[in-house]
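Feature annotations, reproduced from TrEMBL:
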type: REGION; residues: 1-93; note: region 'Disordered'
type: COMPBIAS; residues: 12-21; note: compositional bias 'Low complexity'
type: COMPBIAS; residues: 64-76; note: compositional bias 'Low complexity'
type: COMPBIAS; residues: 84-93; note: compositional bias 'Low complexity'
type: DOMAIN; residues: 155-214; note: domain 'CTLH'
type: REPEAT; residues: 334-368; note: repeat 'WD'
type: REPEAT; residues: 380-411; note: repeat 'WD'
type: REPEAT; residues: 592-624; note: repeat 'WD'
Amino acid sequence: PAARSRPGAWGGSSSSAMQANGAGGGQQQPPPPQGPAVPELGCLGAQNGEASSGSAAGEQLAHANGLLPSASAANSSGGGSSPGGLSVNNGVPAAGGPGSAAAELGGGGGSALKKKKRLSQSDEDVIRLIGQHLHGLGLNQTVDLLMQESGCRLEHPSATKFRNHVMEGEWDKAENDLNELKPLVHSPHAIVRMKFLLLQQKYLEYLEDGKVLEALQVLRCELTPLKYNTERIHVLSGYLMCSHAEDLRAKAEWEGKGTASRSKLLDKLQTYLPPSVMLPPRRLQNLLRQAVELQRDRCLYHNTKLDNSLDSVSLLIDHVCSRKQFPCYTQQILTEHCNEVWFCKFSNDGTKLATGSKDTTVIIWQVDPDTHQLKLLKTLEGHAYGVSYIAWSPDDNYLVACGPDDCSELWLWNVQTGELRTKMSQSHEDSLTSVAWNPDGKRFVTGGQRGQFYQCDLDGNLLDSWEGVRVQCLWCLSDGKTVLASDTHQRIRGYNFEDLTDRNIVQEDHPIMSFTISKNGRLALLNVATQGVHLWDLQDRVLVRKYQGVTQGFYTIHSCFGGHNEDFIASGSEDHKVYIWHKRSELPIAELTGHTRTVNCVSWNPQIPSMMASASDDGTVRIWGPAPFIDNQDIEGKTTSMYIGKLM
């Protein structure tokens, strides 16, 4: 009789049993610490996927990476066919023939293992996904074994035939396959669409081969009678005029006859079939890619270029970005200004930074592309009232500087030469405190709270004016026509200088001190007096989010979008800090300290996502970047960071 085995051990009375992965033991003795068990009769060795034959005839063990198939054990719960042999499926041994002991995890007698537990739907789905992926890698024998042992089916047999006939270009057979698939397709119109796609490929391949009459026959007698997508049929008929194959491929935007175009066709066809019949293409890769993207989206500090390739990440660990990689640490303190610094702005190409101060100067700083250190490039002097706002031209060749409320002048500088191109003043009673460039780089708009609102050329000539608008802040949209202006009525309105129309876009309950627009023109970031930083959707005209933490009174503080894909928001504050939020989170992810007075403006480098600048009433400009550190690998392989300095 078979001996009852101990829980967690394999036992046998007349033949030895070997456990996969190198652990095994006899009936009465505890298993040795490592290595295969010493055989009593026949030797069944299996290590690292290699099977060794025993001395007793008829004993056999097949082992492949923990998957041990046998003819009788695969896809069944019965015993092995070889007397004294041991068959193992996924690490679970099947009962041997006469003379072998029953072996069950946790003990228990009987001549056979309990029946396999029925796979859940999710388990079957996973097996099919793995099978599809392995099939794509060319491991077809492994796929066959997996499907055989699991009892699953990778896809419906009719779908397999259909796939093969499409890839081989056997279009008549593929059409016949569609009739078999028809009962399995949910939508009655899907078969017509699938047939249209098949015939379109057939038509194009005939044309490429120079078989014009056959192609014409397909067009007239097969495609047209479908009465589907007649516009596309007209386009297809035009390809009859193509003089050669290259012309056809170019006009049809088609890869040509062969595996590439047929694979694309199959991808389209699969969208009409239920996943129970044929899996969507590359389903496992798509699921993994979605998981990686979701982890990146949820990562508060993810600030690197998005790479959709799975090869760029490890699937073995969760995606986590460290705060140490984020621009939270002072890299440099610029002290060349001798009074309050009211504004700072990186150029569009990220190579320069302009800072404006109460000390009447604008300083242009050069950004070193390698060290990310800044050095003084030019000092632009003569702004008698100080500089409270700066705007770079789209090509970064020019820079416009404005002053505070009582300033009626505007300076247009040539950045390359450092020369003043235009000093504009319409009237001494004007207030020109804000400016925005038209996307064409040939015009700009300017205005102030005393009711001035002008559009000018590069020589300061007045092109248009809008009467009675008390402007607080300006922005030109990418359409080249619409100018957004915040005014003293706590709103942002859109003004069109071409047809002289205006419309309300944003309405707040408190004064809008400043605002900026995202690159795609969809979002507006407002600094609202006594309220803080608000995010608005300009298209839907709704308030999306109110960001917490910042101290905002009636000072003009300028916030900004930043980071890769503009996923982050940064703002100065009257409590001497810089606050950073993830766009989707109301709570700050970083509070940067170091300034000793109000932080008036923050600018994120548009080309270097790890660089940010802040300007303060303490007379300094701080450049923020990742933490400087050295990686040390400890004995467990984990990465530790040793800080080598932090400016304060």
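Yeah, the Cβs are placed from backbone N, Cα and C, and that goes for glycine too.
For the repeat 'WD' (592-624), the DSSP counts in helix, strand and coil order read 0 helix, 16 strand, 17 coil. Long-range contacts of the repeat 'WD' (334-368) within the same chain: residues 374-392, 394-396, 399, 401, 404, 413, 415, 418, 558, 597, 600-608, 611, 613-623, each at least 6 residues beyond the stretch ends and with a Cβ under 8 Å from a Cβ of the stretch. When the repeat 'WD' (334-368) is classified with DSSP, helix, strand and coil residues number 0 helix, 19 strand, 16 coil.
As a summary of secondary structure, the repeat 'WD' (380-411) carries 0 helix, 12 strand, 20 coil according to DSSP. Helix, strand and coil content of the domain 'CTLH' (155-214), in residues and according to DSSP, is 48 helix, 0 strand, 12 coil. Model confidence over the repeat 'WD' (592-624) stands at 96, taken as the mean pLDDT rounded to a whole number.
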